[in-house]
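The following features are taken from Swiss-Prot:
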| type | residues | note |
| --- | --- | --- |
| COILED | 36-63 | coiled coil |
| DOMAIN | 65-131 | domain 'PAS' |
| DOMAIN | 139-193 | domain 'PAC' |
| DOMAIN | 218-440 | domain 'Histidine kinase 1' |
| MOD_RES | His221 | phosphohistidine |
| DOMAIN | 571-686 | domain 'Response regulatory 1' |
| MOD_RES | Asp619 | 4-aspartylphosphate |
| DOMAIN | 747-1010 | domain 'Histidine kinase 2' |
| MOD_RES | His750 | phosphohistidine |
| COMPBIAS | 1013-1031 | compositional bias 'Low complexity' |
| REGION | 1013-1148 | region 'Disordered' |
| COMPBIAS | 1042-1146 | compositional bias 'Low complexity' |
| REGION | 1266-1285 | region 'Disordered' |
| COMPBIAS | 1313-1346 | compositional bias 'Low complexity' |
| REGION | 1313-1350 | region 'Disordered' |
| DOMAIN | 1359-1483 | domain 'Response regulatory 2' |
| MOD_RES | Asp1412 | 4-aspartylphosphate |
| REGION | 1500-1546 | region 'Disordered' |
| COMPBIAS | 1501-1526 | compositional bias 'Low complexity' |
Amino acid sequence: MQDISTTTASTNYLKADGDTGAVFSITSQQQQIHYMRKQKPDHEKTREELIEEINHLRAVSNSNKNARIMLDEMYQFVALLDVNGNLLDVNEPALQGGGMIRSSIQGIPFWDCRWWATSQENIDNVREAVHKASKGEFIRYETEIFGKSAGTEKITIDFSLMPLFNDKGEVSLILPEGRNITEKRLGELEIERKNNELRSLYEKIKELDELKTQFFANVSHELRTPLALIVGPTDKLLKDENVDINVRKDLEIVARNARGLLKIVNNLLDISRLEAGKMNLNYSMVNLGQTVHLIASCFEILAREKSLDFSIITPSEPMMAAIDADKMQRVITNLISNAFKFTPSGGAVKCILEKFDLSPNKPGFQIVVSDTGPGIPDNLHEIIFERFRQVDGSSTRKHGGTGLGLSIVKEFVTLHGGTVTIHNISTGGAQFTLRLPLTPNMDEHLYKKTISDQNISEIQQQLYQQQQQEQQQQQQQQQNLQQPKLILNNIDNKYKINDDDNDDDDDDDDEDGLNFNILKKTNTSSDIASNALKDNMGSIMGVHAIAQQAVEELTEKQFYQSQENIHNKPIVLVVEDNPEMNRFIAELLSKYYFVVTAFDGVEGIEKTRAITPDLIVTDCMMPRMSGDEMVEQLRSDEQFDNIPILLLTAKADENLRIKLLQNGVSDYVNKPFSSEELVARVVNLMTMKKAKQFLQEELSSANTDLQELINQLTNKKRDLQTLVGELEKERNLLNNTNKSKDEFFMNLSHELRTPLNGILGWCQLLLYDIDSGGSSGGGSGSISGDDSTVRTGLETIERCASSQNQLINDLLDMSLIIGDKFSLILGDVDLPILIENAISSILVTAQSKKISVHSNIQGEGEEESSILRNIVGDKARLQQVIWNLLSNSIKFTKEKGRIHLNLKVVNQIPSREVLGFCSNPMFNTINRHGDRWILFTITDNGKGIPKQFLPSVFDRFKQADCSSTRSYGGLGIGLSITQNIIHLHKGAVYANSEGENKGSQFTVVLPIIKGSSSSNSSPSNQLSCSSSPPLIKKPFFSQPTNYINNNNNNNNNNNNNNNNNNNNNNNNNNNNNYNNYNNNNSNNNNNSNNNNNNNNNNNNNNNNNNNNNNNNNNNLNINNLINNNHNNNNNNYHHNNNNNNNSNNNEKLGKRQREEINNNENNNVDLRLRTPPPPPTSSISENFLVNSSNLIPSPALNPINNNNNSNNNNNNIGDIKKINLEISQIPSTNLNPKLSLVINNNNNNNNNNNSLLKTIITNAINNNINNSNNDDNSNNTTIPTPPSSAINMINSLPLPSPSPSFILPTLSPFSSPLSELKSSSNNNNNNNNNSNNNNNNSMSPNLRSPKANSNKNLLGGIQIMLVDDLEETTHLFSSMLYKLGAKRIDTFQRVSDAYAFLCDSSKPQPDIILSDLTMPFEDGYSMVRKLRDREKINTQNKKTPIIALTASVSSSDKEKVLKSGFDLHCSKPVNFLELSNSILTLIEKYNTTVNIDLIKEQEQNNNNNNNNNNNNNNNNNNNNNNINNGNDDDSLLLTDSRPCKKANSQ
């Protein structure tokens, strides 16, 4: 008890001192207890004792600390338990592995800790182990615990519990330990798994080996049976003396090869038995000397044939041994035959038999066989005895064999307990040494299993007695020997077959099926030999048979002897190393061919070169050179490349066959083969050879003839080359001519257009003066506007010049077609609009000839109409096609004729509608462009086309009447151009006529390709001002804002959206939008708007409301044309006439936006306003009426449902945000292109302020329809229907030209007022009737002259620079541009002068530059290049727009112009109105600004001037559509958001 308490106190002390409360060293603890027992009380201790005690305690404390450090650093698990199993302490690695804290587990049972929580079984095992350890038992076992990753992973430990005893031998503490053996355990498991796999694989291999052995045994047995049936009958026939000698030779070959095959089968069977461990030995007493002599005697003849020195050395006395005679005979025979095989002629072979003691107590013998052959390399001495191993295993080895002979020798010798070795002789050759015991060793385990004789001990005793007797006989020198007795178990006869072996021993027989027996010695050795020859012939014959077969294999066979080829048979070369196979093949083929033989590849090549055979039959594996090597070498020689080769191979390898065929082998035959197969293949190859040879001879003969032809062709080729050279010169000349022609056309265009420019320009200028009532030059030479003769003359000049310009354009188009340079620029096309515009362009000419034009072009149904209005094509070229066809119909139709136009969509082209001659014979309606088509047909009842001329109607320059008396002019290129345009659209044109004076019909067929966008054309910006037949662009309005439904009402259009509130300070906005299309005989439009308000701001559309102190803004929205036979428009206007009224008539378009850009082939911008054509469904003839009050647009512009009833439309129209303007070419005589709607408003004391007009009026009406008697209730009654009214209206319609046009970007006139066209006001007195009746009834595509009244101030405030080398051109341009309102024009005839002016900062800089391209010294390109370079260098300079003036119209030239830096391209002759609009557009584009304050001031002045002109008491309607009303108002309107610059008036 004292010890325990002491131990506890010591433990507590250690806890306090060590901070860990653990006891680490049991030894130090016990020493401390023992030390404390011997201590005195402290008061009895001396100073030295106290110091000693303190030092001792310090040492113990340090020891405990060191122990703690060592335990915590240990990798293994260590703890300390009391005898009850409670945990006292544990090292740090154990705590970390279990994820526990020391303080939480101290004092608890050890098995309740986290480590053992893997399973309840584990906890129970630990509890049981602790219980056993507390009784003093050491416990150790492997277990799994939670010991890794803070107690989350299991590990395997080698766990032990060691009890610790006190001095009394009692267990005081328990020490648990654990070593992590997880990896070791995993390794053991992996090793166990691998071992199991290896065990399984071994068993599998063992099983496969057994199966293989069994297979060899079965195959050997199966082979031996047919071989026995071959050998037996063959031997029987050979014994027959009546057999023919040739047959006997064949039978001998069969017997010989059968025995050889039997030997191979026996060897394979022996190998299988050896592998299976089932090879048994049949021991018998054998006289070794006699056996060796018998075997050697078989080789004596062979030795003489090969001139070999063959010697046999044996002991003089008999040497008896207990061996397996059969196997030993095979061993000796194999060694001797190998020596003969590898020893060359003249060499030596020696066989020595002698006694050799294997050990002092073990007598034996050795047989040494040596030769003088090549020997065996030292590195092969060990492996030469392996199975299938050969010194030379290649396909070119000289000696054959399977490689089993030496392997079987070693196996048989080893079974006898002997050894076989090999070494090379210093003089050359190899030496094999066999060493075997005379008697078998029964103590060895090997022979217990393999020896079959159970009485071998008796044989040993007999052999000993025999040796003793022989020694005695030698001493006595007796001549006769006593024969020993036979002692055999279970044998009664003297010579009996030993049946003591197993059943498998039957397979150990030799090739002849004989067994050797052990004889009991009763006589002398000589008697044994004689009796063996007499009584046991089987054994002796067996030895002789084995040796004789080996000799036969080595004996050279008889070769085939070739005879003389007296019959000139085809030669066959047979290359085969086996003499018998060589001879067999040669004799087989000699019946048909002359055969020559060779025995290896080298000899085969030599004989091939000597005789050049017709066919080669060769083996694959031969000595010196294999068959495939021989083939490869022959094929590399062109001389023998055509010789067919038949290859014989014993390898059934598919890859080898493919390789041989690739290397040039003609055919191959697998061994074994039948004679019929071999002959058939040889005959086939020989037949093919003969056929090939015959064809080659024929070819050679033909080559002779061909050579003559070649010579002739060579001469002709030489002549052709000469002609080709001349043609090349002609071609170059033609190319130069074409180039010169193109240059000529360009120069011609320039030279012709330059004078035309002057003619047309001055015509425009003079007509401008006539319209304005002024003069061209001022002074006395004034031209009166009333002089109709002068006007007629000028218009005639203008018309003729325009016709000349169109002729130039047609010729240039034809030049492009001929040069294959004609192309299209595709975009969205609205076909009905194109047709309507074309009809409008020919309307005057049709009326002059009283021709009625009917059309049906809108399509049936909404879907078809949508398709027709959105197809893909070249708009400009399609317009040209329509205009050409329509103008031809007008030309060739007599007066009062009829023309009908029809447009529709079809799924299939009906043959009844598409008649006549097709312009494209290859045209096919079933193609990849789609299954829907557009048919456009123009039918007339005119002159017609003669039947004989119909096929030539589309030929260029062809005309039906080419005589000098023809009635119709033209060049005959219009229809040719038409067909080329349609062909480029993948369509066709059909021309049909029943004959002369029976009318004609032209049908255009186009595939439908729907459009995807509104602008698919080239982005180039080019302006074309040239005149040509009408090119119709898209309508002015791309979409309507309001869709108007026409209902059946009483023909009243009440468009009053007015809130009339009779209160002060009210705003009454009356917005009346006239967008009505009336197709009725009579329409009464009554518009009554009476608004009387004080201090009100009334915005009334089409209403003149004059109130006291009112500001009336009358916003006119006029977008309409009426095509009615009789239209009665009653407009009741209630005018309150007061002084000082300020009427602002602002004409607005409503919520319509024009945002489309129409791109044509040459991308010219058409900024000219155009009035849509009349409705296509009406008859455009003499019944064409116009009323100026209500102008109704074409259905193409506004999709209105026409129910042939009156319209009741209530529409609220807003302000326009964008309008796109277009520039195109205007035919002159048909048109009076007024760009403003002039309505005569005659009011008394009214100020008409028409400023800030944010609109573009789409109708140009140049006639004031008689509106007399305008009272307060003004009634614009129905206008009579004189043709002059219609003609005057049509004359005001500006028509575009079909010439290609470049398109400008979208222009917004309300974003910048420079794009807004100005209108002029005609202020007249009461009851004035102003009718400008310009009746031009002839069709002529002329450029129209600008009208003075409407365009006087069109270019107000613009400064222009003009560069042209011709003085008359600069004079013309400056004169006309000044009249159009230009502020300043600086003209230069050289680029250098113009550029110097631009660089002078003191000079006024132009707003725009007009430059000719063709000028001396420096051209227009130099001008634009200098200008753009200057702008790039000095970015502060504003960019100045520049327009190119050129007479060239080719696409390449136009593209070059735009790429060079020009902004637009204007072709000569110039339409000055369009040029002016282009100038305004470009200035707007470059953000040119004008002082808006000045504009407002000038507008106020203009209003005052207008008030002074209206001093009558009558009610007149003055609707002025001009931005600037006054004489000198040249300012330009801008939006309020832009900066302003003041523009001085000219």
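Positions of Cβ are set from backbone N, Cα and C atoms, glycine also.
Feature annotations (Swiss-Prot) mapped to structure.
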residue	record	contacts (Cβ under 8 Å, 6+ apart)
His221	phosphohistidine	none
Asp619	4-aspartylphosphate	Val575, Glu576, Asp577, Asn578, Met581, Gly627, Leu647, Leu648, Thr649
Asp1412	4-aspartylphosphate	Val1363, Asp1364, Asp1365, Leu1366, Thr1369, Gly1420, Ala1444, Leu1445, Thr1446
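The number of other CB atoms found within 10 A of the CB of His750 (phosphohistidine), across every protein chain shown, is 17. In terms of DSSP helix, strand and coil, the domain 'PAS' (65-131) has 38 helix, 12 strand, 17 coil. Across the domain 'Histidine kinase 1' (218-440), the model assigns an average pLDDT of 81.
Residue counts for the domain 'PAC' (139-193) by DSSP state, with H, G and I taken as helix and E and B as strand, are 12 helix, 33 strand, 10 coil. In the three-state DSSP assignment, the secondary structure recorded for His750 (phosphohistidine) is helix. In this chain, the domain 'Histidine kinase 1' (218-440) lies in contact with the domain 'Response regulatory 1' (571-686); the count of Cβ pairs under 8 Å, excluding pairs fewer than 6 apart in sequence, is at least 3. DSSP assigns Asp1412 (4-aspartylphosphate) to a strand in the three-state reduction. According to DSSP, the secondary structure content of the domain 'Response regulatory 1' (571-686) in residues is 55 helix, 24 strand, 37 coil. Shown for the domain 'Response regulatory 2' (1359-1483): DSSP residue counts in helix, strand and coil, namely 57 helix, 24 strand, 44 coil.
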